Amino acid sequence: IFSIVVFGSIVNECYVNKDSQSPELLCIFNENESACSYGIAIGIISFFGCIFFFVVDLQFQQISSVKDRKRAVLLDLGFSGFLSFLWFVAFCFLANQWQRTKMGKGALQGADAARAAIAFSFFSIAGWVALAVKALQRYRLGTDMSLFATDQFTADPNASYPGYPTGSGIESTETYQSPPFTETSDANPKGYQVPAY
């Protein structure tokens with residue numbers, strides 16, 4: 001949401017005419033086109049990155065490979081950390097260019113949008129740092145294989161596998177016949193002759 005506010009406010013209101021005679025649109029941040037372009041680019045990258053990792057989080061339990069799960073968590077961690085840095089740069093860059101902007105008619109017209117872009121780029125830093133910390137916690141949880149392995153494995157590697165459930169206890173073992181595939185003491189049952197080879 002923060003990225004939508006940043007690139008939406010820059011696109012909609014941070015390009016103004018320098019004066020009424022000039023049809024050319026200039027960036028409100030000290031007439032520096034790089035500031036507006038950087039804010040728009042980071043906002044769009046963040047928006048699509050959020051959508052991608054939201055889909056990955058929804059499908060995370062269906063990823064069967066332990067390596068693929070680990071890669072997804074590491075990708076999330078790296079992407080979140082990198083975007084935290086990029087949003088910090090965006091905040092510093094936009095705030096610096098806004099501080100140097102000469103207040104004219106065009107600058108006053110888009111001042112609220114420029115302040116909103118600066119404020120929400122600051123909020124984005126905190127949001128992406130929180131996502132990076134969450135991904136780091138998920139990665140650390142996965143080092144004991146509880147996140148990356150399926151639920152069938154026990155936590156103790158020396159523990160034995162649980163046996164087949166015996167039932168509710170209502171049935172008695174007396175009702176069952178002898179188990180199948182057991183040998184009897186009679187070597188030649190019912191007249192069967194063992195072939196000699």
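Start at 1 and count along the chain as shown; that gives each residue its number.
Note: Cβ is positioned from N, Cα and C throughout, glycine not excepted.
Marked as compositional bias 'Polar residues' by TrEMBL: 169-187. The domain 'MARVEL' annotation in TrEMBL covers 1-140. Under the heading region 'Disordered', TrEMBL lists 161-197. Summarising the annotation, TrEMBL assigns transmembrane segment to 38-60, 72-96, 116-136.
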Segment-level pLDDT (mean, integer) for the domain 'MARVEL' (1-140): 88
Secondary structure composition of the domain 'MARVEL' (1-140) [DSSP: H/G/I, E/B, coil]: 110 helix, 6 strand, 24 coil
